[in-house]
Each structure stands twice: as C-alpha cells, then as structure tokens.
Amino acid sequence: VIRAKAVSAKEVDSGNDIYGNPIKRIQYEIKQIKMFKGPDQDIEFIYTAPSTAVCGRLLDTGGKKEYLIAGKSEGNGKMHITLCDLVSTWDSLTPTQKKSLNQRYQMGCECKISRCLSVPCFVSSSDECLWTDWAMEKNNVDGRQAKHYACIKRSDGSCAWYRGMAPPKQEFLDIEDP
C-alpha cells in the first residue's frame, strides 16, 4: 500500500500466453511518496493490463495527481494492479482515512471484516467487524464506514469499529461489549 505519483507510462511485453502470443502490459514509472505496507525497498514500477476491458487501471501520468494504491508486490520494486485493487486519488480520501493509514488501520490487522450484503447480518466471532456500507447505503462500497471508521482489535481480543481522529482511548480498548 503506497502513496505515489505516476510520471510516465509505456507498453511492454510481459511474456507469452499459452498460445505463444505476447502479453502486453502498461508499465507506469512512479515516484513513491510513502510506503504504508509492503517490501523494504521503494516501488519503482506499477504494471497493469493495457485497458479496463481486461481489468487494467489507468493512471494520470502528469506527475501532479497523487494516488493511494493497494496492489500486489513482487518485492523487487514491481507492483501489479487491476480493477479489483484499491486505487484512489489522495485528494478523494477523508481526513480519517489519511490518518488511519499512518496509525489506526494497523491496529486491526488481526481482525476480520465481514461484508453484509443484505440485512439482517451477523458476526460469527468476536474478532469480526461487520461492514454494512453495501447493504445500508444502496450498494455503496465507499460509504460512511469505509470513509470514517477503522476496525481495530481491543485489549480483550475482540474487534470493533472505531470512529475518531484521535487514537482510541484506553477505555475504548478495554471495553468488553462492542
């Protein structure tokens, strides 16, 4: 998961398919601004399919637009993204999302976020947070929970949604009932 700008793009060969035809990819050269999660080295290139019809992501290469990108890293300075990966402009993120990238989201790495596609929904264990944006906000994946909350693990091992700009208070982390 990185914050980056795309500075150039070019089409490159990425091997051959099972019939011997060349596989084309777009190679974006990027300027990494910050690594939130990933390998120890900077990401230099991001690869994607050549069009959205085959799940490729298009990035602005003017070098002005900053992105939050979550993709698959090869650990060698290369990253791959598809339409299914999170790619958002940095300016479109809420203050809570930006702050949570630095502090809060890591507090939920041991938690499981369960999607609620239609109500009623239930969690099956205490280490789950029920994500209801889709069901409650008419199929919206970028709703209130996604923008303003973080699923974090509390001291009793349970997980719960937390909202707020400040780090969670100890009283919240020690609470027994979500």
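Note: Cβ is positioned from N, Cα and C throughout, glycine not excepted.
Listed in TrEMBL:
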- C111-C159: disulfide bond (DISULFID)
- C116-C121: disulfide bond (DISULFID)
- C129-C151: disulfide bond (DISULFID)
- 1-109: domain 'NTR' (DOMAIN)
Same chain, 6+ residues apart, C-beta under 8 Å of the C-beta of C121 (disulfide bond), given in sequence order:
S114, L130, T132, A135
Have a look around C159 (disulfide bond) and count the other CB atoms within 10 A of its CB, chains all included.
24
For C129 (disulfide bond), write down the residues of its own chain that are at least 6 apart in sequence and whose Cβ falls under 8 Å from its Cβ; none is a fine answer.
G108, C111, K112, I113, S114, V123, C151, C159, A160, W161
Model confidence over the domain 'NTR' (1-109) (mean pLDDT, whole number):
90
Including all protein chains shown, what's the count of other C-beta atoms within 10 A of the C-beta of C116 (disulfide bond)?
17
